[in-house]
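The structure under discussion appears below in the form of structure tokens.
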């Protein structure tokens, strides 16, 4: 193999041939390791002025002879945007920051994999030459993928072609989901995607494996933040057969256990305020902390956390199995058609109701244990449950069941509806032909979740009071029905009485979500569950 070079080289971003000389390819590789580019932040050409023959050879090898001025300018500008600290190279911090702020459709957790694709093996940084090589090679592979998706060879990929391609990969999408993917890639508003749009959108996704790309579209471009807590994850038949599903359930279980344990003090304070705070005693968060610490010390803030963690496994398994079966029934009723967003919401809410019914006795025990005093658990949880049964019978394990069940649907429905409405309004007024960024989606998700909690919290409070009624002297004379509790609270404490304890409930949201996300990602990777 040989290349054509010049001696000397004129200033400029491209190489103009004056004198031809054939150089063996092994010499090119030798020289390419020694040539350092200028800083891209200055928008200077890689080679400027008269340089040696070796530098010209290395430059040709790195930039490819057929690179046009327009293409080089585009690559330079892209490189400059990624080089956040303007030090002339790209490292892991630059990529993480860029993925977070510039490409919200690609998770920042992909930065290490992307860096490995771009850099040389003997370096932990990406030079301009490395980046150019990556862009050209990656775009070439993306062009091959685009050709496979573009079944009618018209140079455009539309909704039907996305659906067909995903189906070949074992993923069935309805029109709504396929349109969501196309809209995120489409820059012109044409409801289809050309090659340049496809390459621009997928350029920083560090893989061209067809199966991985379809997984990326399905899990990152469709599932909305507002649904995450309400509708269980969907798994394809291939993922069910390969065992991916259980790895994600295990990762989710470990993440949930860590999150609940770290935020258990917030949960105990909330439960205590729900049951004991009134208009007359004016018990607040700070005074509650002092009271609980004085009664049982620091360890007392984790009362009830053990059973709260234990119930994760049966609840998750029951919800997953129920959700999968309900989806199948709905699909059979519809003749095999894909589920809509609200059909998934119905299936998820129904699965949640079934799983809650199965593990509800553990919910009651969690509340009782969170409210217990020092010394009331001297012989373990089983003995504690046996004492409850002896004193109150089997019905005590389902106290507050009705408000708990009724609280599932309004929370899920309001959360999803508000989220979709806010996202639609944002897209209509603040963006053109593109989806909102990460910060906008997080804001929509936070608002929708808050609305869902505000709507369902009175039911949660009544549920907790009914669960705790037998062991709380203050509540011994209170009604033992849901409607009776609502009347009692409104008559004696007013409307604000329905929101006792909501402050610590909101306080735990950010740390709970953050811890859960970090632990989930770590465990998922350790188990080898690759989901982009």
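Note: Cβ is positioned from N, Cα and C throughout, glycine not excepted.
Per Swiss-Prot, the feature Ca(2+) 1 binding site maps to 83, 85, 87, 89, 94. Annotated Ca(2+) 2 binding site per Swiss-Prot: 150, 152, 154, 156, 161, in sequence order, evidence recorded as sequence analysis. If you look up Swiss-Prot, you'll see 137-172 marked as domain 'EF-hand 3', on the strength of sequence analysis. Among the features that Swiss-Prot reports, domain 'EF-hand 4' is placed at 173-208, with the record citing sequence analysis. The repeat 'Solcar 1' annotation in Swiss-Prot covers 243-329. Positions annotated as repeat 'Solcar 2' by Swiss-Prot: 339-425. Per Swiss-Prot, repeat 'Solcar 3' is recorded for 436-526. Among the features that Swiss-Prot reports, transmembrane segment is placed at 249-266, 304-323, 349-362, 400-419, 442-459, 501-518.
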Shell of the Ca(2+) 2 site beyond 150, 152, 154, 156, 161, same chain only (C-beta within 8 angstroms of their C-beta centre):
149, 151, 153, 155, 157, 158, 192
For the transmembrane segment (501-518), which stretch among 249-266, 349-362, 400-419 has the most Cβ pairs under 8 A?
249-266
Quick check: in three-state DSSP terms, what is residue 89 (Ca(2+) 1 binding site)?
coil
Below 8 angstroms Cβ to Cβ, which residues of this chain, lying six or more residues outside the transmembrane segment (249-266), approach it?
301-302, 304-305, 308-309, 312-313, 316-317, 320, 504-505, 507-508, 511-513, 515-517, 519-520, 523-524, 527, 529
Counting Cβ neighbours within 10 Å across all chains shown, tell me which of the binding-site residues 87, 94 comes out on top.
94
Residues other than 83, 85, 87, 89, 94 within 8 Å, Cβ to Cβ centroid, of the Ca(2+) 1 site?
82, 84, 86, 88, 90, 91, 125
Between 0 and 100, where does the mean pLDDT of the repeat 'Solcar 1' (243-329) sit?
87
Pairwise Cα distance for residue 87 (Ca(2+) 1 binding site)/residue 150 (Ca(2+) 2 binding site) [Å, integer]:
40
